[in-house]
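One structure is given here, and the rest of the page talks about it.
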Amino acid sequence: MSGAALGLEIVFVFFLALLILHRYGDFKKQHRLVIVATLLAWYLCFLIVFILPLDVSTTIYNRCKQATNSSPLENNNITGSYSAAVPVTGKHPCFKPWSYIPDGIMPIFWRVVYWTSQFLTWILLPFMQSYARSGGFSITGKIKTALIENAIYYGTYLLIFGAFLIYVAVNPNLHLEWNQLQTIGIAAANTWGLFLLVLLLGYGLVEIPRSHWNGAKRGYLLMKTYFKAAKLMTEKADAEENLEDIMEEVRKVNESIKYNHPLRKCVDTILKKCPTEYQEKMGRNMDDYEDFDEKHNTYPSEKSLVKLHKQVIYSVQRHRRTQVQWRILLEQAFYLEDVAKNETSATRQFVHTFQPQEPENRFIQYFYSPTVEWYWECLLRPWFYRILAVVLAVFSVIVVWSECTFFSTKPVLSLFAVFIQLAERTYNYIYIEIACFLSIFFLSICVYSTVFRIRVFNYYYLASHHQTDAYSLLFSGMLFCRLTPPLCLNFLGLTHMDSTISHQDTQPTAYTSIMGSMKVLSFIADGFYIYYPMLVVILCIATYFSLGTRCLNLLGFQQFMGDNDMTSDLVDEGKELIRREKRKRQRQEEGENRRREWKERYGNNREDSTRNRNVHTDPKESNYSETNTNRSVSKYTRSNNRTERDRIELLQDAEPLDFNAETFTDDPLESESGRYQPGGRYLSMSRSKIFDDV
């Protein structure tokens with residue numbers, strides 16, 4: 001079992017990273033190199049989080065073994081009750097943990113993982129970002145564009161590093177070796193990551209418990225969904241308008257550049273990136289026989305086509321993303337409205353307004369019955385969210401307290417250090433690994449969830465359901481690789497497993513050993529790493545009072561705030577949009593049901609009548625009657641198809657022009673007049689209300 005735990009976690013973390021990436025990325029449409037690079041970055045970061053508890057337990061065992069070899073009697077007094085059960089003679093008083101990793105494996109493992117992640121975040125991923133957003137038409141052109149865009153990025157780091165080397169060479173008091181230069185580089189990267197880590201951690205420690213607590217409130221999620229619907233409709237309309245403008249430019253370029261123009265291949269490449277309906281509208285030029293130089297027209301340059309290609313890729317991706325998000329948001333709003341209606345149900349069975357478009361699994365239908373769904377959604381889920389919010393709030397308080405007191409070693413004030421030291425005295429490795437995993441997992445959730453939530457205009461946005469573009473995926477990989485190493489160092493400092501914090505001459509963890517001794521930069525080790533994490537208290541207070549949200553609101557970026565007039569207006573607008581989409585879907589389903597019942601009723605009667613007529617006719621008249629009936633039936637079906645087609649178009653194009661509250665009630669199910677009655681007659685077919693649905 002020495003390496004089995006490490007191997008199992010390596011395999012498990014790989015599939016976990018692959019599953020999360022599949023939710024946000026699109027394996028079919030996005031480039032394979034983008035998928036592989038993002039998967040590798042996410043995988044390495046998740047792997048550090050999952051493997052670090054094993055490193056802690058192995059280090060505690062090595063410390064125990066070292067202390068036993070140096071002073072058996074002293075260690076016998078320290079181990080207490082457990083030493084009485086295990087004799088000192090012939091055996092060590094501390095047993096080997098089940099997840100023990102042999103010596104020499106962890107340093108090599110951490111060195112490979114760390115330097116690979118640093119190569120990704122500082123060199124490869126920035127280059128691939130520029131490559132993915134480039135509008136070049138060849139690999140050489142994209143590489144050239146990426147190098148030019150990253151020249152300033154890479155040049156800045158080289159300039160700083162070169163100035164530092166010159167300062168070291170000129171100053172006679174400084175004699176730095178390669179290991180010390182390596183430590184300085186690691187310290188610089190961790191300092192940048194810690195600066196961003198505290199900002200994200202301060203937001204996540206408050207927002208995650210609060211979001212779960214608000215999720216248990218009745219109507220809160222529904223109001224927030226209405227707010228999102230209003231904002232998403234604005235973004236959707238903007239994306240459609242932007243796409244129309246870009247497609248108009250593509251049409252002009254397509255008409256101006258003929259078949260024998262040298263840049264025609266570039267235009268064809270741009271056309272392939274356009275949506276199918278626009279490709280069919282534009283097509284090829286009808287006058288391709290004309291040469292491009294017969295008319296002295298001004299043609300776009302290759303540089304302008306590269307820019308247009310880049311705009312087409314961005315606009316098409318944004319338009320597709322808003323369309324998918326709108327459909328998902330509609331389903332979510334319909335479901336939340338069903339939850340609000342079913343809360344007062346006396347039958348205690350969950351009733352859906354619309355049936356799911358995709359058939360559910362029989363296993364899920366059997367266990368997750370309407371009764372079980374009602375008890376979970378209307379009764380158990382709010383209480384579960386409240387309990388979970390309280391547990392998360394307790395964890396947040398522990399983290400904030402430990403961040404402010406982890407530098408104190410006598411007495412030990414950090415609660416994480418207290419828990420680990422209590423388990424270390426009894427050498428309960430299972431408890432140590434569970435405590436370490438829960439602690440670092442909670443810290444990772446607070447940081448990583450903020451990375452998934454933040455949105456920098458339309459340049460960086462992680463959208464689920466395979467709608468994240470390549471630039472955002474690569475950017476998230478960069479953030480993860482820069483945040484994870486300082487996150488792990490901060491965790492080791494909270495638990496006093498870092499000798500720089502504990503100021504004890506004990507064996508360090510394998511992860512700390514590859515970071516080198518921070519004593520080379522004392523002002524960072526004894527200053528920035530100690531006192532900067534205390535800033536998390538101020539950030540938590542600012543997040544609790546929603547200061548950032550209020551500032552964004554003042555700047556014109558509308559945020560969901562319950563005590564704001566603009567929020568109320570957007571909620572009302574979103575509610576009206578959802579109501580209109582709901583009525584539209586109800587009319588579509590009613591039209592489909594009417595057509596289905598019409599075919600089932602009159603189609604069977606027509607078949608029975610023709611069958612009986614053929615039985616009672618004479619053989620001599622059979623041919624003549626068959627020809628007449630075929631003619632009449634074909635004539636009837638042609639007219640019936642024409643009227644049926646008109647009815648279908650009428651149902652599809654029908655859209656109410658006035659959505660005032662006086663005309664429609666809040667519940668469209670109760671106010672629709674086109675319902676089928678038991679007597680076999682439709683209310684919408686009466687004389688007085690024949691066009692009420694139009």
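Please read every residue number as a count from 1 along the shown chain.
The backbone N, Cα and C atoms fix where each Cβ goes, glycine too.
Given the structure is predicted, the values throughout are model-derived calculations rather than measurements.
Copied from TrEMBL, the annotated features are:
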COILED    229-256  coiled coil
COMPBIAS  587-623  compositional bias 'Basic and acidic residues'
COMPBIAS  624-640  compositional bias 'Polar residues'
REGION    581-646  region 'Disordered'
REGION    661-694  region 'Disordered'
TRANSMEM  6-21  transmembrane segment
TRANSMEM  33-52  transmembrane segment
TRANSMEM  108-131  transmembrane segment
TRANSMEM  151-170  transmembrane segment
TRANSMEM  182-206  transmembrane segment
TRANSMEM  383-401  transmembrane segment
TRANSMEM  430-451  transmembrane segment
TRANSMEM  471-492  transmembrane segment
TRANSMEM  528-547  transmembrane segment
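The stretches the transmembrane segment (528-547) and the transmembrane segment (182-206) meet in space: the count of Cβ pairs below 8 angstroms, excluding pairs fewer than 6 apart in sequence, reaches at least three. Mean pLDDT, taken over the coiled coil (229-256), works out to 93 on the 0 to 100 scale. If one looks beyond the transmembrane segment (383-401) by at least 6 residues along the same chain, the residues whose Cβ comes under 8 Å of a Cβ in the stretch are 201, 205-206, 208-210, 212-213, 215-216, 413-416, 442-443, 446, 494, 536-537, 540. For the transmembrane segment (471-492), the list of distant contacts is 21, 24-25, 30, 34-35, 37-38, 40-42, 44-45, 48-49, 52, 56, 114, 117-118, 120-121, 125-126, 128-129, 132-133, 189-194, 196-197, 200, 416, 436, 439-440, 443-444, 447-448, 451-452, 459-463, 498, 501, 509, 511-512, 515, 529, 533: same-chain residues at least six beyond its ends, Cβ to Cβ under 8 Å.
Within its own chain, the transmembrane segment (108-131) is flanked in space by residues 6, 33-34, 37, 40-41, 44-45, 47-48, 51, 55, 142-143, 145-147, 149-150, 153, 157, 189, 471, 474-475, 477-478, 481-482, 484-485, 510-511, 514, which lie at least six positions past its ends and keep a Cβ under 8 Å from the stretch.
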